[in-house]
Every structure is written in C-alpha cells, then in structure tokens.
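Below is one structure, written out as structure tokens, with a few remarks after it.
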Amino acid sequence: MQRDSSSSHTEASDKSIGNPKEELEKIHDKIHTKLSTNGDSHLVEEIRDTPGGDLTKITTTDIEKQSSPQPQDSELNVDGGYAWVICFACFLLNFSTWGMNSGFAIYFANYLNNNTFAGATKMDYAYIGGIAFGVGLFCSPAINFIQGKIGTRPTIIVGNCLQFTGLMLASWSRKLWQLYLTQGLIQSFGLAFISIPATTVLPQYFKKKRILSGGLSSAGSGVGGICFNLGMQHVVESKGVFWALRVQSIIGFGLTWIAISLIRSRSKAHKIQFTAFDSAVVSSAAFWILSFFVITCMFGYVIVLYTLAQFTTSMGYSEYQGSIVSAMVQLGSCCGRPIIGLLADKFGGATVSVVAYTVVGTLCLAMWVPARNYATIVAFAIIQGALMGSIYGMIAGVVARTFGLRKMNVAFSMIWTIMGAAGLFSPVIGIKLTKGNGAILDPGSYINCSIFAGVSFLACAGSLLLLRGYIKARDHLQVDQHTDSDQGDYTGINVPFKSVITSCFKTSHEKT
C-alpha cells in the first residue's frame with residue numbers, strides 16, 4: 001500500500017514536472033497567457049533565454065513576483081520616513097538663508113544711525129537690502145536650469161560658498177560700493193542658489209502633508225530670524241557690526257553643510273522639468289494670477305519686515321528694542337507657519353492663505369497706523385509674523401496643485417523671477433513712502449508706508465481667492481481626466497472667467 005502511494009506520488013511529480021517537450025510547451029502557453037494579461041509576456045522569454053533558465057522551475061510565486069508592479073522610488077517615504085529628514089534639512093536651509101536675511105534690519109539700522117559708510121543715504125541701504133533679497137531670485141530660471149544640469153546638492157553647495165563669501169567680504173568692506181557688491185549682490189545669489197532647490201525638493205516627498213511640511217520647514221526662517229536678530233544685535237553692541245557679519249557667515253556656512261549631507265532629490269522619479277522657460281506655463285491665466293499674488297504679497301511682506309525696527313526707534317525706543325520687535329516678527333513666524341500649514345492641509349493652501357492675508361492687511365490699517373506704544377507694536381509684530389509669511393509654506397504646494405509636479409520647477413522659477421523683482425523694489429518703495437531721513441522721532445512719518453503695505457496684503461488676498469476659483473473651475477472641467485492632481489498637465493486648458501468667479505467659494509473633494 002505504501003509502495004502504491006509512493007508510486008502514485010512519483011507519477012504525480014513526474015507529471016507536474018512535465019519533462020516531455022509537449023508538457024513544456026503547455027506550461028509555456030499557460031504562463032504566457034497569464035502574464036500577457038498584464039503585458040508581461042516578455043518575462044517568460046527572459047527566463048528561457050537566461051543561462052540555466054528552466055521553465056519547469058517557474059512557480060506561482062515567481063510569476064507573481066515578476067509580474068506584480070514593484071514600488072517606485074517616488075512611492076516610498078511619502079508623507080513619512082525619510083521625508084521628515086528632508087523637511088529638517090529644508091528647515092536648516094531656511095534658517096541659514098531667509099533667517100539670516102531677515103537680520104538685515106539690524107545692520108540697516110546700525111549703518112543708518114552711525115553713519116558707518118560715509119556719504120551713504122537710507123536709499124543706498126534700501127537698495128542693498130532689495131538687491132540681497134531680489135536679484136538672485138530674479139535669475140531663478142537660470143538657477144533652475146543649472147540645477148537640472150549639475151544636480152540639487154551641487155547647486156546648494158555653490159550657494160553656500162557664495163553666501164559665505166559675500167558676508168565675510170562684507171565684514172571687510174569700508175566703501176559703499178563694496179557693500180553693494182558683497183552684502184548685496186553676492187549674498188543675493190548665494191541665497192537664491194540655496195533656497196530655490198530647497199523649496200522645490202520638499203513637495204517631492206509629501207502629498208497629504210505637503211503644506212504642513214512646508215510650514216515646518218519655512219519656520220526655520222522664523223527661528224533663524226530670532227537667533228540672528230537678537231544674537232547679532234548683541235555682537236554688534238559688544239564687538240561691532242563687522243564682527244557680527246563674520247559670525248553670521250560662519251554659522252550659516254556650517255549649518256548649510258549639515259543640510260547638504262541630508263538632502264536628497266527625486267527629480268528623476270517625478271520627471272521634473274528643469275528648463276529655464278515654458279511658454280505653455282506663461283500662457284496660462286493661473287500663472288499671471290499667481291504672479292500678481294506674489295508681487296503684492298512681497299510689497300507688503302518686505303516693507304513690514306525691513307521697516308518695523310526703524311518704526312520702533314522713531315517712537316523713541318532704543319535700537320535693541322527695535323531688534324526685539326524684529327525678533328517678534330520671527331517668533332510669530334516660527335509659531336504661526338506650522339499652524340497655517342496644518343490648517344492648509346485640512347482646508348486647502350489657497351483657502352487658508354486668503355483668510356490669513358485678509359487679516360494681515362486689515363491689521364496694517366487698523367493696528368499699525370495708530371500704533372504709538374511699544375506693547376502695540378510688539379503685538380502687531382507677532383501677529384504679522386505668524387500670518388504674512390504664509391506664502392513660503394504654501395507657495396510650493398499651490399504651484400504643484402496649479403501646474404502639476406512635472407512643471408512645478410519651471411513654473412516656480414518663473415514666478416520667483418517676479419518675486420525677486422518685487423523684493424528688489426519693495427524696500428525702496430518703503431523708504432520713498434517714509435517721510436524724513438528715517439532717523440527722526442516721528443512715527444507719523446511711516447503712515448503712508450503702513451497704508452501701502454495694508455492695501456498690498458488685501459490685494460494679494462483677493463488675487464489668491466481668484467486663483468482658488470480658477471483651480472476649482474478647472475478641476476470641474478477635467479473631472480474625468482485624472483485622479484491625482486500632481487500628475488496632470490493643465491497648461492492648455494481654457495477656463496471661462498465666469499466659471500472662475502462663480503467657483504471662488506465652491507468646495508470639492510480635493511483641497512485648494
């Protein structure tokens with residue numbers, strides 16, 4: 001009985017092995033049929049052609065392993081895992097760029113009040129501040145092209161070296177033209193070469209938590225602003241303004257290298273476009289709506305950021321108290337941006353930012369204009385800091401939502417060109433609107449400046465509401481075309497203006 005069972009088992013095994021040629025062909029046909037349904041019939045031929053390949057040894061597990069789609073790099077660590085390391089790296093980069101740049105108000109006040117550079121006027125320092133903020137960003141398309149050629153890390157390394165060189169040379173500058181070249185032009189390109197790759201790499205790692213991650217990383221500029229405003233003010237008072245520049249350059253250089261060691265890019269997985277210009281993006285109505293939002297937002301943002309310290313001293317307070325006010329803007333920033341990001345991921349980036357900039361514009365008119373004491377201006381600085389920098393947390397997510405991930409870099413770089421131009425002239429506009437020489441004790445001399453900033457913020461809120469309506473109307477037209485907004489290409493879509501207006505307050509399954 002046992003022998004019969006063994007014999008039966010052997011026969012079954014021989015049959016399953018299928019040694020005869022016709023059995024091999026049957027197995028081949030069955031496997032080919034199963035794999036062809038998924039377009040993977042080539043796998044059989046690959047196994048057959050492989051040295052030692054034997055179709056008789058193919059199992060169901062082998063078939064499933066070969067035919068099942070393997071997870072791509074772009075699908076790994078999304079909204080978690082190493083994505084948060086990338087977020088931390090971007091936090092450090094924002095700390096070392098925008099955080100340091102916000103400390104310019106300290107140098108501005110010191111240069112102006114102590115006549116550090118003979119013959120220099122408040123307009124000179126306003127131009128230097130504008131150059132440091134805007135010229136590098138104005139060249140964003142070229143930087144985006146360079147990033148595509150040499151990679152994300154090398155681009156940031158170039159920026160780190162430029163920023164360090166600019167600030168260190170500024171500490172040895174004794175003539176005004178040298179300050180224009182170092183703390184203005186060289187630092188500007190350093191900031192741009194670091195911040196542009198840092199801003200565009202983060203959305204590659206996040207989907208559902210994209211704006212929250214943007215808020216957390218952009219909070220680095222707030223933390224940096226606090227550290228550099230208060231820390232460098234102390235160095236200025238104890239060692240002098242030039243030593244403050246040296247200390248700042250060394251700190252930024254070291255922290256940026258830590259971020260460089262952590263940063264990774266997924267540009268190849270997402271097939272991101274690194275061209276300097278895209279006519280299809282420029283011809284889109286959404287591009288110009290977003291551009292107007294950026295211009296008006298920068299007018300208000302830079303004026304408030306660079307003016308509050310001077311406004312504080314105009315009320316009779318000390319430079320140190322002015323630096324405290326500047327630090328309060330950054331305190332509000334590092335606390336408010338993550339909260340704004342959390343709310344934006346729940347309700348939509350454009351939706352939350354419309355509310356934020358409406359509040360910011362209203363407070364410029366209702367709180368800054370009549371402010372005549374220290375407590376009021378400190379409270380104003382904290383609230384403004386929490387809300388007016390919402391653009392840095394939401395802009396990458398909104399650009400990706402508007403144009404898709406593939407065109408995000410090229411769209412972002414062209415929009416930042418406009419941001420750079422706005423940032424370049426914003427300090428100059430603020431100074432022109434200020435009465436007197438900027439050092440007089442008359443807070444009323446800043447009334448035109450505060451009104452202009454308030455109106456700019458309200459205009460940017462209105463344009464963002466219009467962009468929200470555009471995206472909602474466009475999604476309605478494309479409802480059957482795709483399921484993931486990141487993968488879409490929306491540059492050739494015509495959205496009726498009436499639909500844009502009527503969709504401004506509409507809701508949908510995908511947040512805007």
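The first residue you see is number 1, and the count goes up from there.
Even glycines carry a Cβ here, placed using N, Cα and C.
Remember, TrEMBL labels are computer predictions, not curated facts.
Among the features that TrEMBL reports, compositional bias 'Polar residues' is placed at 1-10.
Taken from TrEMBL, the feature region 'Disordered' covers 1-57.
What TrEMBL records for 20-32 (among others) is compositional bias 'Basic and acidic residues'.
Sequence annotations record features per position, and here TrEMBL assigns compositional bias 'Basic and acidic residues' to 42-51 (among others).
For the transmembrane segment (82-109), same-chain residues at least 6 beyond its ends with a Cβ under 8 Å from one of its own Cβ atoms are 125-126, 129, 132-133, 156, 163, 167, 183, 187, 190-191, 194-195, 198-199, 201-202, 205-206, 213, 216-225, 227-229, 232-233, 236, 241, 244-245, 248, 251-252, 255-256, 258-260, 262-264, 305-306, 308-310, 313, 319, 322-323, 326, 329-330, 392. According to TrEMBL, the transmembrane segment annotation covers 82-109 (among others).
Per TrEMBL, transmembrane segment is recorded for 125-143 (among others).
The feature transmembrane segment is assigned by TrEMBL to 155-173 (among others).
The transmembrane segment feature in TrEMBL is assigned to 179-199 (among others). Within its own chain, the transmembrane segment (179-199) is flanked in space by residues 89-90, 93-94, 96-98, 101, 104, 107, 117, 124, 127-129, 131-137, 139-140, 143-144, 147, 152, 155-156, 158-167, 169-170, 173, 217, 245, 256, 259, 263, 265, 392, 395-396, 412-413, 416, 420, which lie at least six positions past its ends and keep a Cβ under 8 Å from the stretch.
Sequence-distant contacts of the transmembrane segment (211-231), counting only residues of its own chain at least 6 positions beyond either end whose CB sits under 8 Å from a CB of the stretch, comprise 83-84, 87-88, 90-100, 102-103, 105-106, 198, 202-203, 205, 247-248, 323-324, 326-327, 329-342, 344-345, 349, 385, 389, 392-397. The transmembrane segment annotation in TrEMBL covers 211-231 (among others).
Under the heading transmembrane segment, TrEMBL lists 243-264 (among others).
Annotated transmembrane segment per TrEMBL: 285-308 (among others), in sequence order.
Through the fold, the transmembrane segment (347-368) approaches residues 211, 297, 300, 304, 340, 376-377, 379-380, 383-384, 387-388, 390-391, 394, 397-398, 401, 450-451, 453-461, 464-465, 467-468, 471, 511-512 of its own chain, all at least 6 residues removed from its boundaries and within a Cβ separation under 8 Å. According to TrEMBL, the feature transmembrane segment maps to 347-368 (among others).
Beyond the transmembrane segment (374-399), the same-chain residues lying 6 or more positions past its ends with a Cβ under 8 Å from any Cβ of the stretch are 94, 98, 199-200, 202-203, 210-211, 214-215, 217-218, 221-222, 290, 294, 297, 300-301, 304, 308, 311-312, 315, 317, 321, 324-326, 328-333, 335-337, 339-341, 344, 349-350, 352-353, 356-357, 359-360, 363-364, 367-368, 408, 411-412, 415, 457, 467. Taken from TrEMBL, the feature transmembrane segment applies to 374-399 (among others).
Here TrEMBL flags 411-433 (among others) as transmembrane segment.
Residues or ranges marked as transmembrane segment in TrEMBL: 445-467 (among others). Within the same chain, residues 286, 289-290, 292-297, 299-300, 303-304, 307, 310-311, 314, 350, 353-358, 360-365, 368-369, 388, 398, 402, 429-430, 433-436, 500, 504 sit at least 6 positions outside the transmembrane segment (445-467) and bring their C-beta atoms closer than 8 Å to a C-beta of that stretch.
Within the chain carrying the transmembrane segment (285-308), a Cβ under 8 angstroms from the stretch's Cβ atoms is held by residues 102, 104-105, 108, 126, 129-130, 133, 322, 325-326, 329, 357, 360-361, 364, 377, 381, 384, 388-389, 391, 395, 398-399, 402-403, 411, 414-415, 418-419, 421-423, 426-427, 429-430, 434, 446, 449, 452-454, 456-457, 459-460, 463-464, 466-467, 470-471, 474, 490, 495, all 6 or more beyond its ends. The stretch with the most CB contacts under 8 Å to the transmembrane segment (243-264), chosen from 125-143, 155-173, 411-433, is 155-173. Remote same-chain residues near the transmembrane segment (125-143) are listed as 101, 104, 108, 111-112, 155, 179-180, 183-185, 187-193, 195-196, 276-277, 302, 306, 410, 412-414, 416-417, 419-428, 430-431 (criterion: CB distance under 8 Å, separation of at least six residues from the stretch ends).
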